[in-house]
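**Student:** Take a look at this one; I'll ask things after.
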(Lines of atoms letter the chains of each structure in order from A and count residues from 1; the text may use other names and numbers.)
(Lines give C-alpha, C1' and ligand atoms only; values in the text may rest on other atoms or scores of the structure.)
Protein backbone atom coordinates (compact mmCIF):
# COMPACT_ATOMS: atom_id res chain seq x y z
CA UNK A 1 0.00 0.00 0.00
CA UNK A 2 2.77 2.40 0.89
CA UNK A 3 4.19 2.24 -2.62
CA UNK A 4 0.86 2.80 -4.35
CA UNK A 5 -0.53 5.70 -2.40
CA UNK A 6 -3.52 7.13 -4.21
CA UNK A 7 -2.03 10.55 -4.79
CA UNK A 8 1.46 9.40 -5.74
CA UNK A 9 3.04 10.80 -8.91
CA UNK A 10 6.75 10.71 -9.80
CA UNK A 11 7.79 13.77 -11.81
CA UNK A 12 10.37 14.63 -9.15
CA UNK A 13 10.93 17.34 -6.62
CA UNK A 14 12.95 19.44 -9.04
CA UNK A 15 10.09 19.59 -11.54
CA UNK A 16 7.63 20.38 -8.76
CA UNK A 17 9.68 23.31 -7.46
CA UNK A 18 10.04 24.65 -11.01
CA UNK A 19 6.28 24.47 -11.50
CA UNK A 20 5.61 26.20 -8.18
CA UNK A 21 8.11 28.97 -8.96
CA UNK A 22 6.68 29.65 -12.43
CA UNK A 23 3.10 29.58 -11.18
CA UNK A 24 3.82 32.02 -8.36
CA UNK A 25 5.61 34.43 -10.69
CA UNK A 26 2.72 34.22 -13.15
CA UNK A 27 0.17 34.95 -10.45
CA UNK A 28 2.14 37.84 -8.99
CA UNK A 29 2.29 39.53 -12.39
CA UNK A 30 -1.46 40.18 -12.41
CA UNK A 31 -2.63 43.73 -11.73
CA UNK A 32 -5.37 44.72 -9.28
CA UNK A 33 -8.50 46.81 -9.61
CA UNK A 34 -9.55 48.93 -6.66
CA UNK A 35 -13.04 48.57 -5.32
CA UNK A 36 -14.35 50.73 -2.52
CA UNK A 37 -16.84 51.17 0.22
CA UNK A 38 -18.41 53.97 2.22
CA UNK A 39 -16.75 56.35 4.60
CA UNK A 40 -17.60 56.89 8.26
CA UNK A 41 -18.60 60.50 8.89
CA UNK A 42 -16.40 60.73 11.98
CA UNK A 43 -13.43 60.75 9.61
CA UNK A 44 -13.02 63.14 6.71
CA UNK A 45 -13.34 61.79 3.17
CA UNK A 46 -9.88 61.56 1.58
CA UNK A 47 -10.57 64.48 -0.77
CA UNK A 48 -11.23 66.69 2.29
CA UNK A 49 -8.48 65.27 4.47
CA UNK A 50 -5.94 65.81 1.67
CA UNK A 51 -7.12 68.73 -0.51
CA UNK A 52 -5.12 68.55 -3.70
CA UNK A 53 -4.50 71.09 -6.44
CA UNK A 54 -1.90 71.57 -9.11
CA UNK A 55 -0.79 74.03 -11.76
CA UNK A 56 1.62 74.02 -14.68
CA UNK A 57 4.25 76.69 -15.25
CA UNK A 58 5.08 77.97 -18.69
CA UNK A 59 8.29 75.92 -18.76
CA UNK A 60 6.28 72.75 -18.21
CA UNK A 61 7.06 72.35 -14.50
CA UNK A 62 4.17 71.02 -12.45
CA UNK A 63 3.52 72.41 -8.98
CA UNK A 64 1.54 69.99 -6.80
CA UNK A 65 0.03 71.16 -3.53
CA UNK A 66 -1.84 69.42 -0.71
CA UNK A 67 -3.64 71.07 2.19
CA UNK A 68 -3.61 68.38 4.87
CA UNK A 69 -6.27 68.58 7.58
CA UNK A 70 -5.26 68.61 11.22
CA UNK A 71 -4.84 65.12 12.60
CA UNK A 72 -3.97 63.63 9.19
CA UNK A 73 -0.71 62.99 7.37
CA UNK A 74 0.65 61.78 4.02
CA UNK A 75 3.37 59.17 3.52
CA UNK A 76 6.41 60.33 1.56
CA UNK A 77 7.17 56.82 0.35
CA UNK A 78 3.68 56.28 -1.08
CA UNK A 79 3.69 59.32 -3.41
CA UNK A 80 4.34 58.39 -7.03
CA UNK A 81 3.98 59.97 -10.46
CA UNK A 82 3.70 57.53 -13.37
CA UNK A 83 3.99 58.65 -16.99
CA UNK A 84 2.20 57.22 -19.99
CA UNK A 85 5.01 54.71 -20.48
CA UNK A 86 4.27 53.25 -17.02
CA UNK A 87 7.57 54.62 -15.71
CA UNK A 88 7.98 56.39 -12.38
CA UNK A 89 8.84 60.06 -12.85
CA UNK A 90 12.27 60.71 -11.33
CA UNK A 91 12.40 64.51 -11.75
CA UNK A 92 10.43 65.20 -8.57
CA UNK A 93 11.50 67.69 -5.88
CA UNK A 94 9.88 67.83 -2.44
CA UNK A 95 9.70 71.48 -1.36
CA UNK A 96 8.30 70.54 2.05
CA UNK A 97 10.51 68.92 4.65
CA UNK A 98 9.25 65.48 5.71
CA UNK A 99 8.88 64.65 9.39
CA UNK A 100 10.06 61.45 10.96
CA UNK A 101 7.24 59.52 12.62
CA UNK A 102 8.10 56.72 15.04
CA UNK A 103 5.15 54.40 14.66
CA UNK A 104 5.01 51.50 17.17
CA UNK A 105 3.69 49.18 14.46
CA UNK A 106 5.56 50.32 11.33
CA UNK A 107 8.78 51.78 12.71
CA UNK A 108 10.31 55.02 11.42
CA UNK A 109 8.44 56.53 8.46
CA UNK A 110 8.65 59.90 6.70
CA UNK A 111 5.35 61.80 6.68
CA UNK A 112 3.94 65.26 5.94
CA UNK A 113 1.56 67.22 8.17
CA UNK A 114 -0.50 70.35 7.35
CA UNK A 115 0.74 70.85 3.79
CA UNK A 116 2.93 69.41 1.06
CA UNK A 117 4.41 71.09 -2.03
CA UNK A 118 6.15 69.27 -4.86
CA UNK A 119 7.63 70.26 -8.19
CA UNK A 120 7.85 67.79 -11.05
CA UNK A 121 9.17 68.10 -14.60
CA UNK A 122 7.48 65.65 -16.97
CA UNK A 123 8.65 64.85 -20.48
CA UNK A 124 7.32 67.41 -22.94
CA UNK A 125 5.75 64.61 -24.99
CA UNK A 126 3.63 63.43 -22.09
CA UNK A 127 0.01 64.56 -22.04
CA UNK A 128 -1.03 62.79 -18.83
CA UNK A 129 0.48 61.65 -15.56
CA UNK A 130 -0.95 59.22 -13.04
CA UNK A 131 -0.59 60.45 -9.47
CA UNK A 132 -0.84 58.10 -6.49
CA UNK A 133 -0.58 59.05 -2.83
CA UNK A 134 -1.70 57.71 0.54
CA UNK A 135 -2.37 59.13 3.98
CA UNK A 136 -3.76 58.22 7.37
CA UNK A 137 -5.54 59.73 10.34
CA UNK A 138 -3.78 60.02 13.68
CA UNK A 139 -6.85 58.28 15.14
CA UNK A 140 -6.04 55.00 13.43
CA UNK A 141 -7.83 55.10 10.06
CA UNK A 142 -5.54 54.51 7.08
CA UNK A 143 -6.94 55.45 3.67
CA UNK A 144 -6.10 53.36 0.62
CA UNK A 145 -3.91 55.01 -2.01
CA UNK A 146 -5.70 57.78 -3.91
CA UNK A 147 -5.22 57.94 -7.67
CA UNK A 148 -5.66 60.96 -9.91
CA UNK A 149 -5.01 61.67 -13.57
CA UNK A 150 -3.10 64.90 -14.20
CA UNK A 151 -3.61 66.45 -17.63
CA UNK A 152 -0.57 68.29 -18.96
CA UNK A 153 -1.30 71.29 -21.17
CA UNK A 154 0.81 72.04 -24.25
CA UNK A 155 3.51 74.55 -23.31
CA UNK A 156 2.72 78.00 -24.66
CA UNK A 157 5.48 80.50 -25.59
CA UNK A 158 4.80 83.26 -23.05
CA UNK A 159 6.56 85.20 -20.36
CA UNK A 160 8.69 82.92 -18.25
CA UNK A 161 6.96 83.99 -15.05
CA UNK A 162 3.47 83.27 -16.25
CA UNK A 163 1.68 80.09 -15.35
CA UNK A 164 -0.92 77.86 -16.85
CA UNK A 165 -3.47 77.06 -14.17
CA UNK A 166 -4.75 73.55 -14.36
CA UNK A 167 -7.79 72.68 -12.33
CA UNK A 168 -6.67 74.47 -9.20
CA UNK A 169 -9.68 73.22 -7.28
CA UNK A 170 -9.64 69.87 -5.54
CA UNK A 171 -9.97 66.92 -7.88
CA UNK A 172 -12.32 64.11 -6.92
CA UNK A 173 -10.61 60.79 -6.47
CA UNK A 174 -10.82 58.59 -9.51
CA UNK A 175 -11.55 55.63 -7.35
CA UNK A 176 -13.57 55.20 -4.22
CA UNK A 177 -11.66 54.62 -1.03
CA UNK A 178 -12.01 51.87 1.45
CA UNK A 179 -11.79 52.37 5.19
CA UNK A 180 -10.83 49.28 7.14
CA UNK A 181 -10.40 49.23 10.88
CA UNK A 182 -8.98 47.04 13.59
CA UNK A 183 -6.33 44.42 12.85
CA UNK A 184 -7.07 43.97 9.14
CA UNK A 185 -6.90 47.73 8.56
CA UNK A 186 -3.69 48.06 10.54
CA UNK A 187 -2.12 45.29 8.50
CA UNK A 188 -3.23 46.94 5.26
CA UNK A 189 -1.64 50.16 6.50
CA UNK A 190 1.57 48.31 7.34
CA UNK A 191 1.76 46.99 3.78
CA UNK A 192 1.32 50.53 2.54
CA UNK A 193 3.96 52.18 4.71
CA UNK A 194 6.67 49.66 5.59
CA UNK A 195 9.64 48.43 3.59
CA UNK A 196 8.96 45.35 1.50
CA UNK A 197 11.35 43.01 3.29
CA UNK A 198 9.93 44.00 6.69
CA UNK A 199 6.43 43.36 5.41
CA UNK A 200 7.34 39.87 4.20
CA UNK A 201 9.14 39.04 7.45
CA UNK A 202 6.18 40.29 9.49
CA UNK A 203 3.74 38.16 7.54
CA UNK A 204 5.93 35.11 8.04
CA UNK A 205 5.76 35.74 11.80
CA UNK A 206 1.99 36.26 11.59
CA UNK A 207 1.77 32.90 9.83
CA UNK A 208 3.59 31.30 12.74
CA UNK A 209 1.02 32.90 15.02
CA UNK A 210 -1.77 31.18 13.08
CA UNK A 211 -0.23 27.76 13.71
CA UNK A 212 -2.72 26.61 16.34
CA UNK A 213 -5.85 28.06 14.74
CA UNK A 214 -8.52 26.52 12.48
CA UNK A 215 -6.37 27.72 9.57
CA UNK A 216 -3.68 25.10 10.14
CA UNK A 217 -4.78 22.42 12.59
CA UNK A 218 -7.04 20.53 10.12
CA UNK A 219 -4.08 20.09 7.78
CA UNK A 220 -1.83 18.32 10.28
CA UNK A 221 -3.61 14.93 10.23
CA UNK A 222 -3.73 14.98 6.43
CA UNK A 223 0.01 15.45 6.12
CA UNK A 224 0.68 13.01 8.96
CA UNK A 225 -1.39 10.42 7.12
CA UNK A 226 0.62 10.96 3.95
CA UNK A 227 3.89 10.53 5.85
CA UNK A 228 2.64 7.40 7.60
CA UNK A 229 1.49 6.01 4.26
CA UNK A 230 5.11 5.74 3.17
CA UNK A 231 5.61 2.90 5.64
CA UNK A 232 9.15 1.65 6.17
CA UNK A 233 10.40 3.64 3.15
CA UNK A 234 10.18 6.98 4.93
CA UNK A 235 13.42 8.74 5.83
CA UNK A 236 14.15 12.08 7.44
CA UNK A 237 15.06 13.57 4.08
CA UNK A 238 11.96 12.23 2.36
CA UNK A 239 9.71 13.29 5.25
CA UNK A 240 10.97 16.85 5.00
CA UNK A 241 10.66 16.76 1.21
CA UNK A 242 7.06 15.56 1.26
CA UNK A 243 6.00 18.07 3.91
CA UNK A 244 7.75 20.87 2.03
CA UNK A 245 5.90 19.90 -1.15
CA UNK A 246 2.63 19.95 0.80
CA UNK A 247 3.39 23.41 2.22
CA UNK A 248 4.38 24.77 -1.20
CA UNK A 249 1.08 23.56 -2.62
CA UNK A 250 -0.77 25.27 0.21
CA UNK A 251 1.31 28.44 -0.25
CA UNK A 252 0.57 28.52 -3.96
CA UNK A 253 -3.15 28.49 -3.18
CA UNK A 254 -2.91 31.45 -0.81
CA UNK A 255 -0.68 33.44 -3.14
CA UNK A 256 -2.74 32.96 -6.28
CA UNK A 257 -6.00 33.42 -4.40
CA UNK A 258 -4.80 36.75 -3.04
CA UNK A 259 -3.63 38.02 -6.41
CA UNK A 260 -6.81 36.85 -8.16
CA UNK A 261 -8.93 38.60 -5.55
CA UNK A 262 -6.97 41.73 -6.28
CA UNK A 263 -7.60 41.30 -10.00
CA UNK A 264 -11.25 40.32 -10.00
CA UNK A 265 -12.36 41.88 -6.73
CA UNK A 266 -14.19 40.18 -3.89
CA UNK A 267 -16.73 38.67 -6.30
CA UNK A 268 -14.35 35.80 -7.06
CA UNK A 269 -14.66 33.86 -3.81
CA UNK A 270 -13.34 30.47 -4.90
CA UNK A 271 -12.88 29.15 -1.39
CA UNK A 272 -16.48 29.92 -0.48
CA UNK A 273 -17.62 28.17 -3.66
CA UNK A 274 -15.82 25.04 -2.52
CA UNK A 275 -17.81 25.06 0.72
CA UNK A 276 -21.02 24.02 -1.02
CA UNK A 277 -22.69 20.86 0.36
CA UNK A 278 -21.77 18.86 -2.74
CA UNK A 279 -18.08 19.84 -2.53
CA UNK A 280 -17.89 19.18 1.20
CA UNK A 281 -19.50 15.75 0.86
CA UNK A 282 -17.15 14.81 -1.99
CA UNK A 283 -14.02 15.81 -0.10
CA UNK A 284 -15.28 14.29 3.13
CA UNK A 285 -15.78 11.02 1.26
CA UNK A 286 -12.26 11.33 -0.17
CA UNK A 287 -10.70 11.61 3.29
CA UNK A 288 -12.86 8.77 4.58
CA UNK A 289 -11.65 6.61 1.68
CA UNK A 290 -8.04 7.48 2.49
CA UNK A 291 -8.70 6.52 6.11
CA UNK A 292 -10.13 3.14 5.11
CA UNK A 293 -6.98 2.51 3.09
CA UNK A 294 -4.94 3.31 6.19
CA UNK A 295 -6.94 0.70 8.09
CA UNK A 296 -5.97 -1.88 5.46
CA UNK A 297 -9.43 -2.51 4.00
CA UNK A 298 -8.07 -2.00 0.50
CA UNK A 299 -5.29 -0.35 -1.45
CA UNK A 300 -5.97 2.77 -3.49
CA UNK A 301 -3.91 2.76 -6.64
CA UNK A 302 -3.93 3.86 -10.25
CA UNK A 303 -4.91 1.51 -13.09
CA UNK A 304 -2.13 -0.95 -13.87
CA UNK A 305 -1.13 0.57 -17.23
CA UNK A 306 -0.75 4.04 -15.69
CA UNK A 307 0.98 2.68 -12.61
CA UNK A 308 3.52 0.77 -14.67
CA UNK A 309 4.21 3.81 -16.83
CA UNK A 310 4.70 6.06 -13.81
CA UNK A 311 6.90 3.47 -12.11
CA UNK A 312 9.05 3.34 -15.21
CA UNK A 313 9.26 7.15 -15.30
CA UNK A 314 10.05 7.23 -11.60
CA UNK A 315 13.02 4.86 -11.82
CA UNK A 316 15.23 7.77 -12.81
CA UNK A 317 13.53 10.25 -10.51
CA UNK A 318 14.12 10.72 -6.80
CA UNK A 319 11.04 12.90 -6.47
CA UNK A 320 8.54 10.14 -5.99
CA UNK A 321 5.19 11.40 -4.80
CA UNK A 322 5.93 15.12 -4.47
CA UNK A 323 3.51 16.42 -7.09
CA UNK A 324 0.61 14.45 -5.66
CA UNK A 325 1.41 15.67 -2.16
CA UNK A 326 1.62 19.28 -3.39
CA UNK A 327 -1.77 18.84 -5.05
CA UNK A 328 -3.19 17.63 -1.74
CA UNK A 329 -1.74 20.73 -0.04
CA UNK A 330 -3.36 22.95 -2.64
CA UNK A 331 -6.76 21.29 -2.16
CA UNK A 332 -6.45 21.34 1.62
CA UNK A 333 -5.89 25.10 1.67
CA UNK A 334 -9.07 25.63 -0.34
CA UNK A 335 -11.38 23.11 1.29
CA UNK A 336 -10.13 22.11 4.72
CA UNK A 337 -8.92 25.51 5.93
CA UNK A 338 -11.58 28.14 5.21
CA UNK A 339 -10.53 31.03 7.43
CA UNK A 340 -10.36 34.78 6.99
CA UNK A 341 -7.88 35.87 9.63
CA UNK A 342 -6.81 39.46 10.20
CA UNK A 343 -3.45 39.00 8.40
CA UNK A 344 -5.14 37.39 5.41
CA UNK A 345 -7.89 40.03 5.29
CA UNK A 346 -5.36 42.84 5.59
CA UNK A 347 -3.30 41.52 2.69
CA UNK A 348 -6.40 41.06 0.53
CA UNK A 349 -7.60 44.58 1.33
CA UNK A 350 -4.21 45.97 0.34
CA UNK A 351 -4.07 44.04 -2.94
CA UNK A 352 -7.62 44.93 -3.99
CA UNK A 353 -7.20 48.64 -3.29
CA UNK A 354 -3.66 49.36 -4.49
CA UNK A 355 -2.86 47.12 -7.41
CA UNK A 356 0.44 46.11 -5.78
CA UNK A 357 -0.01 42.43 -6.54
CA UNK A 358 3.71 41.75 -6.15
CA UNK A 359 4.04 42.83 -2.51
CA UNK A 360 0.58 41.57 -1.56
CA UNK A 361 1.14 38.19 -3.16
CA UNK A 362 4.61 37.87 -1.64
CA UNK A 363 3.12 38.70 1.76
CA UNK A 364 0.53 35.96 1.42
CA UNK A 365 3.22 33.54 0.32
CA UNK A 366 5.26 34.41 3.43
CA UNK A 367 2.13 34.08 5.59
CA UNK A 368 1.45 30.59 4.29
CA UNK A 369 5.09 29.57 4.71
CA UNK A 370 4.88 30.64 8.35
CA UNK A 371 1.72 28.58 8.72
CA UNK A 372 3.57 25.67 7.13
CA UNK A 373 6.44 25.53 9.63
CA UNK A 374 4.63 23.10 11.99
CA UNK A 375 3.65 20.98 8.99
CA UNK A 376 7.29 20.67 7.94
CA UNK A 377 8.14 19.71 11.52
CA UNK A 378 5.48 17.00 11.30
CA UNK A 379 7.16 15.68 8.17
CA UNK A 380 10.60 15.80 9.75
CA UNK A 381 9.36 14.07 12.89
CA UNK A 382 7.56 11.41 10.88
CA UNK A 383 10.64 10.69 8.84
CA UNK A 384 12.84 10.44 11.91
CA UNK A 385 10.66 8.88 14.56
CA UNK A 386 7.98 6.77 12.90
CA UNK A 387 8.59 3.02 13.27
CA UNK A 388 10.24 1.38 10.29
CA UNK A 389 8.46 -1.97 10.23
CA UNK A 390 6.49 -4.52 12.23
CA UNK A 391 3.27 -4.35 14.19
CA UNK A 392 3.99 -0.83 15.33
CA UNK A 393 3.52 0.42 11.79
CA UNK A 394 0.03 -1.05 11.64
CA UNK A 395 -0.96 0.83 14.78
CA UNK A 396 0.60 4.05 13.53
CA UNK A 397 -1.34 3.82 10.27
CA UNK A 398 -4.52 3.12 12.20
CA UNK A 399 -3.92 6.24 14.30
CA UNK A 400 -3.45 8.42 11.24
CA UNK A 401 -6.49 6.79 9.67
CA UNK A 402 -8.50 7.99 12.65
CA UNK A 403 -7.09 11.49 12.15
CA UNK A 404 -8.17 11.43 8.50
CA UNK A 405 -11.64 10.34 9.59
CA UNK A 406 -11.57 13.31 11.96
CA UNK A 407 -10.96 15.60 8.98
CA UNK A 408 -13.93 14.00 7.20
CA UNK A 409 -16.14 14.56 10.26
CA UNK A 410 -15.00 18.19 10.56
CA UNK A 411 -15.95 18.80 6.91
CA UNK A 412 -19.38 17.22 7.40
CA UNK A 413 -19.75 19.24 10.60
CA UNK A 414 -20.05 22.37 8.47
CA UNK A 415 -23.28 20.98 7.02
CA UNK A 416 -24.80 19.15 9.99
CA UNK A 417 -26.38 20.57 13.15
CA UNK A 418 -23.86 20.99 15.94
CA UNK A 419 -25.28 18.23 18.13
CA UNK A 420 -25.25 15.76 15.21
CA UNK A 421 -21.63 16.64 14.52
CA UNK A 422 -20.65 16.02 18.15
CA UNK A 423 -22.42 12.62 17.98
CA UNK A 424 -20.21 11.69 15.02
CA UNK A 425 -17.15 12.72 17.02
CA UNK A 426 -18.29 10.60 19.94
CA UNK A 427 -18.75 7.57 17.66
CA UNK A 428 -15.25 8.02 16.22
CA UNK A 429 -13.62 8.39 19.65
CA UNK A 430 -15.50 5.45 21.21
CA UNK A 431 -14.70 3.06 18.35
CA UNK A 432 -11.02 3.98 18.36
CA UNK A 433 -10.89 3.68 22.16
CA UNK A 434 -12.34 0.16 21.92
CA UNK A 435 -9.71 -0.76 19.32
CA UNK A 436 -6.86 0.81 21.28
CA UNK A 437 -7.83 -0.79 24.60
CA UNK A 438 -8.18 -4.32 23.21
CA UNK A 439 -10.30 -5.06 26.24
CA UNK A 440 -10.63 -8.76 25.36
CA UNK A 441 -6.99 -9.43 26.24
CA UNK A 442 -6.13 -11.17 29.54
CA UNK A 443 -5.16 -9.00 32.49
CA UNK A 444 -1.47 -9.98 32.38
CA UNK A 445 -0.26 -7.00 30.40
CA UNK A 446 3.12 -5.41 29.78
CA UNK A 447 3.84 -1.90 30.97
CA UNK A 448 3.19 -0.48 27.49
CA UNK A 449 -0.07 -2.40 27.14
CA UNK A 450 -1.22 -1.06 30.51
CA UNK A 451 -0.40 2.48 29.38
CA UNK A 452 -2.23 1.90 26.13
CA UNK A 453 -5.28 0.57 27.94
CA UNK A 454 -5.25 3.53 30.33
CA UNK A 455 -5.25 5.89 27.35
CA UNK A 456 -8.10 3.91 25.82
CA UNK A 457 -10.15 4.23 29.02
CA UNK A 458 -9.58 8.01 29.01
CA UNK A 459 -10.67 8.22 25.37
CA UNK A 460 -13.70 6.03 26.08
CA UNK A 461 -14.71 8.35 28.92
CA UNK A 462 -14.34 11.37 26.68
CA UNK A 463 -16.32 9.69 23.89
CA UNK A 464 -19.19 8.82 26.24
CA UNK A 465 -19.20 12.40 27.52
CA UNK A 466 -19.41 13.63 23.93
CA UNK A 467 -22.29 11.24 23.34
CA UNK A 468 -24.21 12.59 26.32
CA UNK A 469 -23.50 16.19 25.28
CA UNK A 470 -24.76 15.52 21.76
CA UNK A 471 -27.91 13.85 23.02
CA UNK A 472 -28.47 16.89 25.26
CA UNK A 473 -28.31 19.15 22.19
CA UNK A 474 -24.90 20.74 22.75
CA UNK A 475 -22.32 21.23 20.04
CA UNK A 476 -18.90 22.07 21.48
CA UNK A 477 -16.60 19.00 21.48
CA UNK A 478 -13.97 20.92 23.47
CA UNK A 479 -16.43 21.63 26.30
CA UNK A 480 -18.50 18.45 26.49
CA UNK A 481 -19.48 19.05 30.13
CA UNK A 482 -20.92 22.49 29.43
CA UNK A 483 -24.39 20.99 29.12
CA UNK A 484 -24.30 20.03 32.82
CA UNK A 485 -23.78 23.60 34.04
CA UNK A 486 -26.15 24.95 31.40
CA UNK A 487 -28.89 22.60 32.59
CA UNK A 488 -28.29 23.63 36.19
CA UNK A 489 -28.43 27.35 35.46
CA UNK A 490 -31.28 27.22 32.91
CA UNK A 491 -31.08 30.91 32.08
CA UNK A 492 -34.17 31.59 29.94
CA UNK A 493 -32.86 34.83 28.54
CA UNK A 494 -30.11 32.96 26.64
CA UNK A 495 -32.37 30.35 25.10
CA UNK A 496 -32.96 32.49 22.00
CA UNK A 497 -30.02 33.20 19.67
CA UNK A 498 -28.48 36.63 19.99
CA UNK A 499 -28.58 37.20 16.22
CA UNK A 500 -31.59 37.09 13.94
CA UNK A 501 -30.44 35.16 10.89
CA UNK A 502 -31.26 36.11 7.29
CA UNK A 503 -30.34 34.28 4.11
CA UNK A 504 -31.21 37.17 1.79
CA UNK A 505 -29.29 40.43 1.58
CA UNK A 506 -32.53 42.21 0.72
CA UNK A 507 -34.23 40.93 3.88
CA UNK A 508 -31.21 41.90 5.95
CA UNK A 509 -31.21 45.43 4.54
CA UNK A 510 -34.92 45.75 5.29
CA UNK A 511 -34.21 44.78 8.89
CA UNK A 512 -31.47 47.43 9.08
CA UNK A 513 -33.90 50.07 7.80
CA UNK A 514 -36.51 49.02 10.36
CA UNK A 515 -33.98 49.31 13.18
CA UNK A 516 -32.68 52.70 12.01
CA UNK A 517 -36.24 54.01 11.74
CA UNK A 518 -36.66 53.07 15.40
CA UNK A 519 -33.35 54.71 16.30
CA UNK A 520 -31.65 51.43 17.25
CA UNK A 521 -28.02 50.64 16.30
CA UNK A 522 -27.31 47.43 14.40
CA UNK A 523 -24.53 44.84 14.42
CA UNK A 524 -24.22 42.58 11.36
CA UNK A 525 -22.37 39.27 11.53
CA UNK A 526 -21.38 37.48 8.33
CA UNK A 527 -21.70 33.78 9.07
CA UNK A 528 -21.35 30.47 7.22
CA UNK A 529 -21.81 26.89 8.36
CA UNK A 530 -18.42 26.01 6.89
CA UNK A 531 -16.63 28.79 8.80
CA UNK A 532 -14.86 27.30 11.83
CA UNK A 533 -14.09 30.74 13.27
CA UNK A 534 -17.77 31.72 12.99
CA UNK A 535 -18.81 28.78 15.15
CA UNK A 536 -16.05 29.52 17.63
CA UNK A 537 -17.31 33.10 17.95
CA UNK A 538 -20.85 31.86 18.53
CA UNK A 539 -19.61 29.73 21.42
CA UNK A 540 -16.98 32.01 22.93
CA UNK A 541 -18.04 35.57 22.05
CA UNK A 542 -21.77 35.89 21.44
CA UNK A 543 -22.68 33.80 24.48
CA UNK A 544 -20.56 35.95 26.80
CA UNK A 545 -22.66 37.66 29.54
CA UNK A 546 -21.20 41.05 28.66
CA UNK A 547 -22.34 40.61 25.05
CA UNK A 548 -25.76 39.30 26.04
CA UNK A 549 -26.28 42.51 28.05
CA UNK A 550 -26.66 44.44 24.78
CA UNK A 551 -29.81 42.54 23.76
CA UNK A 552 -32.17 45.40 24.69
CA UNK A 553 -29.97 48.15 23.25
CA UNK A 554 -28.78 46.81 19.90
CA UNK A 555 -30.31 44.87 17.02
CA UNK A 556 -28.12 41.89 16.11
CA UNK A 557 -28.46 40.64 12.52
CA UNK A 558 -26.68 37.69 10.95
CA UNK A 559 -26.30 37.15 7.21
CA UNK A 560 -26.02 33.43 6.50
CA UNK A 561 -23.53 33.09 3.65
CA UNK A 562 -23.37 29.31 3.62
CA UNK A 563 -24.95 29.15 0.15
CA UNK A 564 -22.62 31.87 -1.22
CA UNK A 565 -25.28 33.24 -3.59
CA UNK A 566 -24.50 35.85 -6.29
CA UNK A 567 -26.42 38.41 -4.21
CA UNK A 568 -24.17 37.71 -1.23
CA UNK A 569 -21.02 37.86 -3.36
CA UNK A 570 -22.12 41.27 -4.65
CA UNK A 571 -22.62 42.42 -1.06
CA UNK A 572 -19.07 41.35 -0.19
CA UNK A 573 -17.68 43.15 -3.21
CA UNK A 574 -19.58 46.36 -2.49
CA UNK A 575 -18.31 46.45 1.08
CA UNK A 576 -14.74 45.41 0.32
CA UNK A 577 -15.07 42.21 2.35
CA UNK A 578 -13.63 38.78 1.63
CA UNK A 579 -15.87 36.41 3.54
CA UNK A 580 -16.85 35.36 7.03
CA UNK A 581 -16.28 35.99 9.80
CA UNK A 582 -16.82 39.73 9.40
CA UNK A 583 -18.67 42.22 11.59
CA UNK A 584 -20.24 45.51 10.50
CA UNK A 585 -21.57 48.15 12.90
CA UNK A 586 -24.37 50.61 12.05
CA UNK A 587 -25.25 53.62 14.16
CA UNK A 588 -28.81 54.50 15.14
CA UNK A 589 -29.12 56.76 12.07
CA UNK A 590 -28.43 53.82 9.75
CA UNK A 591 -24.89 54.85 8.76
CA UNK A 592 -22.10 52.32 9.05
CA UNK A 593 -19.36 53.00 11.60
CA UNK A 594 -16.72 51.87 9.13
CA UNK A 595 -13.66 52.22 11.41
CA UNK A 596 -15.27 49.70 13.77
CA UNK A 597 -15.52 47.05 11.05
CA UNK A 598 -13.80 43.76 11.87
CA UNK A 599 -12.66 40.97 9.56
CA UNK A 600 -11.60 37.79 11.27
CA UNK A 601 -12.10 36.33 14.72
CA UNK A 602 -12.01 38.45 17.88
CA UNK A 603 -12.34 38.04 21.63
CA UNK A 604 -15.39 38.93 23.80
CA UNK A 605 -13.87 42.10 25.26
CA UNK A 606 -12.91 43.31 21.78
CA UNK A 607 -16.46 42.76 20.55
CA UNK A 608 -17.91 44.55 23.58
CA UNK A 609 -15.61 47.51 22.90
CA UNK A 610 -16.79 47.71 19.29
CA UNK A 611 -20.48 47.61 20.27
CA UNK A 612 -19.93 50.34 22.88
CA UNK A 613 -18.85 52.65 20.06
CA UNK A 614 -22.45 52.57 18.81
CA UNK A 615 -23.96 53.68 22.12
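Glycine is treated like the rest: Cβ placed from N, Cα and C.
Whatever TrEMBL says is automated annotation, not expert-curated.
Heads up, here are the entries from TrEMBL:
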- 136-142: disulfide bond (DISULFID)
- 531-534: disulfide bond (DISULFID)
- 475-615: domain 'Thioredoxin' (DOMAIN)
- 197-228: transmembrane segment (TRANSMEM)
- 240-266: transmembrane segment (TRANSMEM)
- 278-301: transmembrane segment (TRANSMEM)
- 322-351: transmembrane segment (TRANSMEM)
- 357-378: transmembrane segment (TRANSMEM)
- 398-416: transmembrane segment (TRANSMEM)
- 422-441: transmembrane segment (TRANSMEM)
- 453-473: transmembrane segment (TRANSMEM)
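Each of these features: where is it, how hidden is it, and who are its neighbours?
**Tutor:** Note on residue 136 (disulfide bond): other Cβ atoms within 10 Å of its Cβ, all shown chains, come to 25.
When secondary structure is read from DSSP and collapsed to three states, residue 531 (disulfide bond) falls in the coil class.
Each residue in the domain 'Thioredoxin' (475-615) has a pLDDT score, and their mean in this model is 83.
Long-range Cβ contacts of the transmembrane segment (422-441) within its own chain (Cβ-Cβ under 8 Å, at least 6 residues beyond either end) map to 398, 402, 405-406, 409, 412-413, 416, 449, 452-453, 455-457, 459-460, 462-467, 469-471, 474-477, 480.
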**Student:** Fewest other Cβ atoms within 10 Å: which of the disulfide-bonded residues 142, 534 wins that one? Let me know.
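**Tutor:** Relative to the other disulfide-bonded residues in 142, 534, 142 has the fewest Cβ atoms within 10 Å.
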**Student:** Write down the Cα-Cα distance for residue 142 (disulfide bond) and residue 534 (disulfide bond), rounded and given in Å.
**Tutor:** 27
**Student:** Enter the number of other CB atoms within 10 angstroms of the CB of residue 531 (disulfide bond).
**Tutor:** 24
**Student:** If I take the alpha carbons of residue 136 (disulfide bond) and residue 531 (disulfide bond), what is the distance between them in whole Å?
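**Tutor:** Answer for this pair: 32 Å between alpha carbons.
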